[in-house]
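Per TrEMBL, the feature transmembrane segment maps to A:6-27, A:52-73, A:79-100, A:121-139, A:159-177, A:189-209, A:247-269, A:281-306, A:340-366, A:387-407, A:413-434, A:446-467.
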Amino acid sequence: MTGDHQMLALLLFSGFVAVTLGITTWVSRRRQGSAEEFYAGGRLFSSMENGFAIAGDYMSAASFLGVTGLIALFGYDGLLYVVGFLVAWLVVLFLVAELVRNCGRFTLADVVAARMSERPVRIAVGTSSVTVSVLYLVAQMVGAGSLVALLLGRTSGAAQAWTVIGVGALMVIYVSLGGMRATTWIQIVKAVLLLSGTVALTVLVLVRFHGDFDRLLVTAAERSGHGSAFLAPGLKYGGSWTARLDFISLGIALVLGTAGLPHILSRFYTVPTARAARRSAVWSIGLIGGFYLMTIVLGFGAAAVVGPDVVSRSNAAGNTAVPLLALDLGGGAGSTGGTVLFAVVAAVAFATILAVVAGITLASSASVAHDLYASLRRRHVKARSEVAVARIAAVGIGVVAIALGLLARDLNVAFLVGLAFAVAASANLPALLYSLFWRAFTTRGAVWAVYGGLIPALGLVLLSPVVSGSPDSLFPDVDFQYFPLQNPGIVSIPLGFLAGWLGTVTSDEAADEAKYAETEVRSLTGAGAA
Amino acid sequence: MQSSNGRARGDGDGSGDSAESQEDPGAVSRDARYEDPWYDALATGWGELDGTGIPARAVPAARREHDAADVRARDVYLEVQRSEAFQEVRSGYRRFVVPGVAAFLTWYVAYVVAATTAPGLMARPVVGAVNVAMLAGLGQFLTTFLFTWAYARHARLRRDRAALELRWDTQELTRGAQGGAS
């Protein structure tokens, strides 16, 4: 690692920061401070803009760095991740995007609480939304730390810590000053940067192999030392039955979790109609699908060009596969091309982390202010002060995320994301789907659905090998591991749905027929939508 | 009714105006069973209507003008929900979405389970280095794009126009029901 990389990467990244800060000030210059504007950007984005912004929100550093690294190290098993990430969008498109746009105003809780007794439902859904966001945030923060370790060529704790703190501070500035409008534009800029960077690298990989995908695969398989087993499932998740079950659990969590991610759902409020929401989902599926197809090429490319041994020596989790690949494709360490490409990729990855982090912070500050604060405070809160609370909440969430990001520095990024998806699928999705589609669903059902998914999901992770009982755990010295799987989804998702059903059938209050009629009519026609 | 039709076309981007979409929503909404918001509001209804909660609330609501308006707005939604036009939109949506979700979830779960429990099958080579697993993975991408396209097309041709008309009608009725209160 020469000084050139670092200088150029830092320069490019500073450029991105400057541009985004410019956007933030430009946007907040004429803000009126209404809740509509802060949470939903005035609902005036076009479906294409929102499609890019959704893609920007979703294509996290975990996919760009984590998943390509998994493919580079474990071959096909990394690809399984990518498929789950993409197929999940069908759930969003079919069941959630339009209906949520029509029924809600700012947050996920709006949709569920519309039919129910508001306070308990808002508190429950708000709590689980914040939990999901914080887990996801920590994953992004860890990614930022591990990236800078590579960028500066040393794994010094201080450099990583300062990166985490810097990223946290920037995201707080974006969100609290710029609200949804600034965040959306940052996502769009980042999505364009990330996609262009990925396209460029993919083209270079394919050129290296003369456009022969088959040869790329063969070379990757040879270089990996696993032979053709590298191209088939089983290297990472194929061992014990526990490992296999763990992967099935993760796969289900990925597919069902996306539709419960608060920062994704809140994106649909930034467009004027349900039809625009659908179109933005279609846009984002196209962009995300294309992106993931390219990450497959990049992952196998990193295995073929750089080699899994080099990748895992640089970062055991494989998070640095793509930057190393860029260095090699540009002509190797020390060459101008390598320096430039490496710097570009590092800067793009940084931009990715920053933008995703801002999106999640915004969604969780909306949950705190619009759901938790407004419900926990008895007297009526005016819209103006709610936005002020949201800005303060963004600062608070930033601090929590920085602290946890420093704590969880050495965990694999992709695993943390899987966990966030599991919680979203177990707690948010049952409540959301039941309230949209089940006539008899009641307040107790909604509250039970959320806590019945949230508590098992978090509890099982606490009892899993992730936290204790194995050398890679957070606390390797103690052992209170009773649940064998790393991802709780396969147990906690059915539990969430079961709890929602149980709460509904045992509640003595009957569901309000007229409120359900309102939800159904509004969700499918858009009548009365904000 | 005519004006709302015209508006529906004006707001659309033209893609909803295909021949297919002309038949179903047009006839139904013009017949407008719910034009009178008081039409049969609570006397009849679905078998599932439990008959205790809703009518009971309609009576004390007469106490104040505002409450009454709210209740009338509630009735509008019940009324629209029971209208044929809405039933058609809803069943059109469900007829596509329920089998669609069942299909892609089954296909995805089958893929994941096969990848974890039958690596031998997945490792079987097909062409060159490409094996069954690789084809199945790329197949997931392909089916995702196809499902997306089919859903968007179905919604555009079968639902959008009818839903938009219902939206204006419903809003008009709610506004009428709320009357002076708003």
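Backbone N, Cα and C define each Cβ position, glycine as well.
Unlike curated records, TrEMBL annotations are generated automatically.
Outside the transmembrane segment (A:340-366), and at least 6 residues removed from its termini, the chain residues within Cβ reach (under 8 Å) are 5, 8-9, 11-13, 15-17, 20, 39, 56-57, 59-61, 64-65, 106-107, 129-130, 133-134, 136-137, 140-141, 143-144, 147, 150-151, 167-168, 170-172, 174-176, 179-180, 183, 186-187, 189-190, 193-194, 197, 200-201, 204, 262-263, 265-267, 322-323, 326-327, 329-330, 390-391, 393-394, 397-398, 401.
Annotation: stretch A:6-27 has the most Cβ pairs under 8 Å to the transmembrane segment (A:159-177), among A:6-27, A:79-100, A:121-139. When each of the listed stretches A:6-27, A:52-73, A:79-100, A:121-139 is scored by C-beta pairs under 8 angstroms to the transmembrane segment (A:247-269), A:79-100 comes out highest. Of the candidate ranges A:6-27, A:79-100, A:121-139, A:189-209, A:121-139 has the most C-beta pairs within less than 8 angstroms of the transmembrane segment (A:446-467). Across the candidate stretches A:6-27, A:79-100, A:387-407, A:413-434, the maximum count of CB pairs under 8 A to the transmembrane segment (A:281-306) is reached by A:79-100. Tertiary proximity for the transmembrane segment (A:79-100) is limited to same-chain residues at least six positions away from its ends with a CB under 8 Å from its CB atoms, namely 58, 63, 67, 70-71, 108, 111, 233, 237, 247, 250-251, 254-259, 264-265, 268, 274-275, 277-278, 280-282, 284-285, 288-289, 292, 295-296, 299, 414, 432-433, 436, 523-524. Outside the transmembrane segment (A:189-209) by six or more residues, the chain places 16, 19-20, 23, 52-53, 55-56, 59, 64, 215-216, 219, 287, 290-291, 294-295, 297-298, 301, 304-305, 322, 325-326, 329, 341, 344-345, 348, 351-352, 354-355 with a CB less than 8 A from a CB of the stretch.
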